[in-house]
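> Pulled from Swiss-Prot, these are the listed features:
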DOMAIN    10-214  domain 'tr-type G'
REGION    19-26  region 'G1'
BINDING   19-26, 81-85, 136-139  GTP binding site
BINDING   THR26  Mg(2+) binding site
REGION    60-64  region 'G2'
REGION    81-84  region 'G3'
REGION    136-139  region 'G4'
Amino acid sequence: MAQEVFQRTKPHVNIGTIGHVDHGKTTLTAAITMTLAVNSTCTPKKYDEIDAAPEERARGITINTAHVEYETALRHYAHVDCPGHADYIKNMITGAAQMDGAILVVSAADGPMPQTKEHILLAKQVGVPSIVVFLNKEDQVDDEEILQLVDLEVRESLINYEFPGDKVPVVSGSALMALQALTEKPNTSRGENKWVDKIYELMDAVDSYIPTPKRDIEKPFLMPIEDVFSIQGRGTVATGRIERGILKLGDIVELIGLNEKIRSTVVTGLEMFRRLLEQGFAGENIGVLLRGIEKKDIERGMVIAQPGTIEPHTRFEAQVYILRKEEGGRHSPFFAGYRPQFFVRTADVTGVIEAFEYDNGDKTRMVMPGDRVKMIVNLICPIAIEKKMRFAIREGGRTIGAGVVYKY
């Protein structure tokens, strides 16, 4: 693991790029890191370094969510570059659930596309609180009126999904032109290039419009596991974003979910962006080195938690809203015995919906799109469940419902 110690001098904010495939999300991410590296210690990242997984590069499409870091004068950011390809919305659900705000990238040459709207809907569903818009590829648009039309169209799309579209900052520019300018002259300062200035303008909007979140550090520690890897000679590292609480070196923790057995272990190392930590706080993306745990013992979808604070369950009761067709949901009703996927934190588990009733206690045999119902769910394997926990229900590549657990 890393040797340099991470210094906390600025508020930490989790942000991400969302939007339609090929509208320039990864190019913009690279342009931001290169622009801000001029005035900070953060490492600039080239497009190829962000679009890193081999299967992504081959298709020119981002698959896994890629984490990079950068800082402005006011804040330290962890940035997740979200997939834009329809098959990989699953990753966006787990990636976007970690965002304190998002940059919606829309090509000024094309305007909003189906995935633009799907990503806005998903951002709403997983609780991304604020969105800032970057109209990319401005260099390809000669007519100012077209820019204004796209601006209007994007704002309308945001309003349709209950974001304050009339108040959302919209910055136009060209990530590619900024990237080219920075590649030719890496230390380009503000005021030297109009395209680089647009990136600064975008980050000013992000700094001022996306609020610094209040972190839940008083509650018992919990971190959903996103990824797991082995470090030779050191052990197994689990990565994820701390949902609540504080984790310190030497803490005893439990691994919970995906099987009945709860394992106990000790935290022997902590790091964030390859720098050592003494402790990790709610909201931070960290790597946790765990004593005596093999890679086969732990996987994405489990949680690491303070002992005795959360348990694995397969059966729970929840209050659920089933999306209407216009909201991207099902077109037809479903019945008891229906087996969709349940997305809970980073877990993705099939479950059987055993029974449902309306809020007033009336029983019903079928559930229609647009209904609010209470339902009993039986999962095929146990996951860490608690009251008031939110989840998404998905089927065939789309979200069909969202719910909150009230009993287990």
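Note that Cβ sites are derived from N, Cα and C of the backbone, with glycine treated the same way.
Remember, it's a predicted structure, so these values are computed and weren't measured experimentally.
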> Go through ASP22, GLU138, the listed binding-site residues, and name the one with the sparsest Cβ surroundings, counting other Cβ atoms within 10 Å.
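Checked ASP22, GLU138; of these binding-site residues, fewest Cβ neighbours within 10 Å: ASP22.
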> Measuring Cα to Cα, how many angstrom lie between the residue listed as 'Mg(2+) binding site' and GLU138 (GTP binding site)?
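The Cα atom of the residue listed as 'Mg(2+) binding site' is 16 Å away from the Cα atom of GLU138 (GTP binding site).
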> Can you tell me how many other Cβ atoms are located within 10 Å of the Cβ belonging to GLY19 (GTP binding site)?
27
> Hey, what's the Cβ neighbour count for THR26 (Mg(2+) binding site) at 10 Å?
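Counting Cβ neighbours of THR26 (Mg(2+) binding site) within 10 Å gives 26.
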> Count the Cβ atoms, other than its own, that fall within 10 Å of the Cβ of LYS25 (GTP binding site), considering every protein chain shown.
28
> Using DSSP with the three-state reduction, classify the residue listed as 'Mg(2+) binding site' as helix, strand or coil.
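Once the DSSP labels are grouped into three classes, the residue listed as 'Mg(2+) binding site' ends up as helix.
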